[in-house]
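Asker: Here you go, one structure.
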Amino acid sequence: AVAPCSAVSVRQETQQQFPIQDGFLQLSVLLLPCESVDMKMAGLCCWYTQLLLLTLTGITLGGSDGPRGVALPFVFDPKATCEPPCRHAGICIRNNTCFCTRGYEGETCQFANCYPKCKNGGECLRPGKCRCPSGFGGKFCHRVVCDGGCWNGGECIAVNGEAKCICPSSWTGSRCQDAICPQGCRNGGACVAPGICSCPDGWIGGACHTALCKKPCLNGGKCVSPDTCRCRAMFSGPQCEERKKSF
């Protein structure tokens, strides 16, 4: 038979370090000799794990309210197995029980955890990284974002949960891209700036309402459309230059 461990009268302490993403986990296992706990197995001396202290040290994540180094005593089984295995550097502390590194949660540490939480329906892809739905942006999806932006001084705000541009009084359109001409632009004219029309050839004026005749209308005739004169009763011709004969 193998002699018991009575010769070992002092407690032994072992330490093992596990590197993780934001620092390291320090595992301190305090062992007592077999005689102290009266445990033997198959005639061999066994060591009994009395205490496992897990201490999270190193750099804490920005924005975390946790202290720099937290001592958490709990029961730890070094022979434990977890199926499915712990993800994202999580540690299997008991059978099918994972201890997750900071920034992850879930039964197998499968879910990322963003702090603060992703807002407006955003999804946490990895610690501190949100994927935002359409209409929202920023690190935590807290900012309203209009696709293509708001032009000409428009402001992007959320209306019934959707991003929308609120335009100044002289602009309109989904991005405030269309100018408003209160007088209207007639005869095919286009409003290119607030109150300003761009007129097609043959038309002038603030609302493109005045026809232009390259040759002037004579004898009191009036230009009513491009290069078209409307003559008084006594005159005719393209420029109203001919007096009608009286019979």
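Even glycines carry a Cβ here, placed using N, Cα and C.
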Asker: When you check TrEMBL, which of Cys223, Cys231 turns out to share a disulphide bond with Cys240?
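Answerer: Of the candidates Cys223, Cys231, the one TrEMBL pairs with Cys240 is Cys231.
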Asker: Of the residues Cys199, Cys223, which one does TrEMBL pair with Cys213 through a disulfide?
Answerer: Cys223
Asker: Non-local Cβ contacts of Cys231 (disulfide bond) (under 8 Å, 6 or more apart, same chain)?
Answerer: Cys217, Asn219, Gly220, Gly221, Gly237, Cys240
Asker: Are there any residues in the same chain, six or more apart in sequence, whose C-beta is under 8 angstroms from the C-beta of Cys92 (disulfide bond), and if so which?
Answerer: Ala80, Thr81, Cys82, Pro85, Cys86, Cys98, Phe99
Asker: State the mean pLDDT for the domain 'EGF-like' (142-177).
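Answerer: Here the mean pLDDT over the domain 'EGF-like' (142-177) amounts to 90.
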Asker: Taking residues 6+ outside the domain 'EGF-like' (209-241), which of them lie with a CB under 8 Å of any CB in it?
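Answerer: Distant contacts of the domain 'EGF-like' (209-241): 186-187, 201-203.
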